[in-house]
Amino acid sequence: MFGKKKKRTITGILLLAAAVALSGCSGARQSADNYPTKPIELVAPYSAGGGVDLVMRAVAEYLGKEWGQTITVVNKPGGGGAIGAQYALKEAPKDGYTVLAVNNSNTTMLTAGSKNPAVKLEDQIFGAMIAGDALAYAVKADAPWKDFKEFSDWVKQHPEQLTWTSVGAAGFSSFGVAEWLNAIGADFTKTRMVTSKGASDSVPKVAGGHAVLAVHTVGEMYAMAEAGKIRILAVQSPERSPLLPNVPTTAEQGLPDLAVKWWTGISFPKGTPDAVINKWQDALEKMEQDPVFIEQLRKIHLNPAYQNSEQFVKTINEETARSTEIAEKNGIRK
Amino acid sequence: MDSLNMLLSGFGEAVSPLNLLIAALGAAIGTFVGVLPGLGPTSAIAILLPMTAVIAPDQGIIMMAGIYYGAMYGGSTTAILLNIPGETSSVPTCLDGYPLAKQGKAGAALGVAAIASFTAGLIGLVGLVFFAPLLADQALKFGPPEYFALMILALAVTVNMTGYSLVKSLIMGAFGFLVSFVGLGASSGVPRFDFGIDSWVGGIEMTSVLIGLFALTEVFKGIEEKRAAVKQEKIGRSYPSLAELRQTSGPMLRGGLIGFVLGLLPGCSPTVTSFLSYDVEKKISKNRARFGKGAIEGVAAPEAANNATSSAGFIPLLALGIPASPPLAVLLAGLMIYGMEPGPLLFEKNAGFVWTVIASMFIGNLFLLILNLPMVGLWAKLTKVPFQVMGPLILLISFIGSYSVRNSLFDVGVTLFFGALGYLFHKFHWPVIPFILCLVLGPMLETSFIQSVQISGGSLAIFVTHPISLTILVAAALLLAVSIVLMQRTKRRLHQEGVHELEIV
């Protein structure tokens, strides 16, 4: 009796293993008409719980229902988003079953910050922009500065005492900080950057007093600000954030020209079949009208910001030019 | 009280049908590999790493945790019935368990072992519920220098974990670091140590290395040893009598407490505590002469101790990121793969995950009691599976597993390479654990070091001027000393019992 049971267990394990292995090689030969025929990996190159990750989880949930296939968000953090991008664009098969989440950090700013970026814009096909958010400046809850202006003055006086977090020298936060420091006339090169893996890594560092400033999106820092662990001094958007009605904008505090903002979208490795990309685009466009999805984004304090492939590429090109200027001026470009 | 609430909501998650199934599956696989010759918990967890990537992180970890403590139960079965300690932590169980089996009391011994394991597992888990959050409360005070110090602490206590020479351990650790450097830099994003080879830029996949070092190496060892099935003793009734339970309740509690308290020390392995508790029972017993000839207390105490240590080991693992034994080192790798970096912040950032896993460990222990009391006879038959069946099967699953992580043949090559290397390490007595640990913790150590010097503007003084970091560094030095003493004692006891070959785990 027991021999039978064991045999069954072993057969089970083998079947499971075979299924895992086979699913890996059958996709490329499938036509795109019935795409997707197996689970899709959506690579988020940042840590779980960050903005990109949360948006992609909402996308995965919507598309999973829409297509009747599992879409798994795989977090591959590190290297300012380069490690996950490298995996999705170079190592994985280009059959539409591995898709990359992009944002400023692993596209425009990476290109601006490096003469030879690990991930190149021309290696990928930009599918669509999905969501956007304003940038916010946060310090420790009991920090001595009463507003952003006072903080800016202190930084101007003591640039060497400013430690700020960023996913990398050419990360999203670096461009925000550089643009701001240029505007207030402080010396960017005297401040100290601390590399972090994303907002969920930087915010505790600021809350614990290990770094002075964190520059991330409102959505990423809202919860910790509400919990009283950090204090948000300014929001960088034309109007005040509905989440933080008491926090003045950077423009209100005398800095009208700060433009860096955050967005996230989807890209595919070059070589992915057109039919697959079109299918994604159509589905994403429909998704952005879906009240359930919009509600999902609201829950993580973000707004839909749909741009189709064409508009998305235009945005990326403009932002790359502007970012390259900031990078060259502040010695970020290496 | 807060942690009790969290635990309750964890139970809410853990009793979902899928989670229950996963916990039961983990417990069953654990018992299976614990009983099966030639496959320990470490290799089982390593093989299953890629498969668990298909399910959600909490389910993956629930399953791997189940395998871990399930194997601790299963290990006692072979120790008692066959006089084969699958793990060194079961050596003390053999001392009295096998004589009992020869006297026809195998069932009673197995029953006591199961009950002792269960009791101690509960002691360990209750401790986990109350201790871990205390550490986690300090979460925000842990910045980069503190994390760096923690990693140093982890390495300091584990270099000595296997009882090999310190120099060999250090060399193996350095080798692990080297391998972890390959690929894109953790904080720079720049490719390095890739020797211009494309497939190296993505880094060496940790899972492939683990499968090679543990699963493949086991197979190679098996081929060399020409493993054969062993004759076993009859089991008899598997429920101990009331008198036997009364006789063993004291040893169980003492063993559980010793196991738990020492298990809180980062890096203290179940082998250390199971020997210690056996010796304590022997010392305080009125009837010392019976020990070694079939004293049932001699089964209860070490079984309780090694399970309490296994449960307690989750405290330093989850709250500090320090694994106390090789299976936990692989489990740590599992957490990292899921992007769950252990450390004080884990309780803050992934509270739901942590408490679901802890709650399901209570459930898993219950499953194990059921699996091991009425069904122990079934498991015992498994020891008869010949290696000719197990060996090829392990090979097959290993290759498929390492291929499936990135759909890459290169990774299968990596597995083969490290399988061969692991065999050589074993043959020439080089410790694998420091290698694994440095490979797993390498990126974290590197990141926290870089962050620290970024904060201090290049000064190394930051590690000693921050009080918490300094305290941890001092503790690392002290623990290293303590572990050297404990390890020497355990080594001596192993030699006294005639065991020279096994690695202490």
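Glycine is no exception: its Cβ is also placed from the backbone N, Cα and C atoms.
The domain 'DUF112' feature in TrEMBL is assigned to B:20-437.
Residues 14, 55, 59, 62-75, 77-78, 84, 86-87, 207, 210-211, 213-215, 217-219, 221-222, 227, 229-230, 326-327, 329-331, 333-334, 337, 360, 363-364, 367-368, 371-372, 379-380, 382-383, 385, 387, 390-391, 394, 397-398, 401, 505 of the same chain sit 6 or more residues outside the transmembrane segment (B:20-49) yet have a Cβ under 8 Å from a Cβ within it. Taken from TrEMBL, the feature transmembrane segment applies to B:20-49 (among others).
Among the features that TrEMBL reports, transmembrane segment is placed at B:61-86 (among others). For the transmembrane segment (B:61-86), same-chain residues at least 6 beyond its ends with a Cβ under 8 Å from one of its own Cβ atoms are 14, 19, 22-37, 40-41, 44-45, 48-49, 52, 55, 93-94, 97-98, 100-101, 106, 109-110, 113-114, 117, 121, 230, 232-233, 235, 270, 299, 303, 306-307, 310-311, 314, 327-328, 330-331, 334-335, 338, 340, 353, 356-357, 360-361, 364-365, 367-368, 371-372, 376, 379-380, 383, 499, 502.
Residues annotated as transmembrane segment in TrEMBL: B:106-135 (among others).
According to TrEMBL, the feature transmembrane segment maps to B:147-164 (among others).
Annotated transmembrane segment per TrEMBL: B:170-190 (among others), in sequence order.
Annotation source TrEMBL lists transmembrane segment at B:257-278 (among others).
The transmembrane segment annotation in TrEMBL covers B:317-340 (among others). Remote same-chain partners of the transmembrane segment (B:317-340), defined as residues 6 or more beyond its termini with a Cβ less than 8 Å from a stretch Cβ, comprise 40-42, 45-46, 49, 52-53, 57, 60-61, 64-65, 67-68, 71, 131-132, 135-136, 150-151, 153-154, 157-158, 161, 206-207, 210, 214, 263, 266-270, 309-310, 346-347, 350, 353-354, 432-433, 436-437, 440-441, 444, 505.
The annotation transmembrane segment is assigned in TrEMBL to B:352-373 (among others).
Positions annotated as transmembrane segment by TrEMBL: B:385-403 (among others).
Per TrEMBL, transmembrane segment is recorded for B:409-425 (among others). Sequence-distant contacts of the transmembrane segment (B:409-425) (same chain, at least 6 residues past either end, Cβ-Cβ under 8 Å): 172, 199, 204-205, 207-209, 211-217, 219-221, 398-399, 402-403, 431-432, 435.
TrEMBL lists B:432-454 (among others) with the feature transmembrane segment.
Marked as transmembrane segment by TrEMBL: B:460-486 (among others).
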Exercise for review: Restricting to the domain 'DUF112' (B:20-437), report the mean pLDDT as a whole number.
Suggested key: 82
Check your understanding: Near the transmembrane segment (B:106-135), which same-chain residues lie under 8 Å Cβ to Cβ, leaving out any that are not at least 6 residues past its ends?
Key -> 2-4, 6-7, 69, 72-73, 76-77, 80-81, 93, 96-97, 100, 233-241, 244-245, 248, 251-253, 255-257, 259-260, 263-264, 296, 299-301, 303-312, 314-315, 318-320, 344, 347, 354, 358, 361-362, 365-366, 368-369, 372-373, 376
Point to revise | Top partner of the transmembrane segment (B:460-486) among B:170-190, B:352-373, B:432-454 - counted as Cβ pairs under 8 Å | key: B:432-454
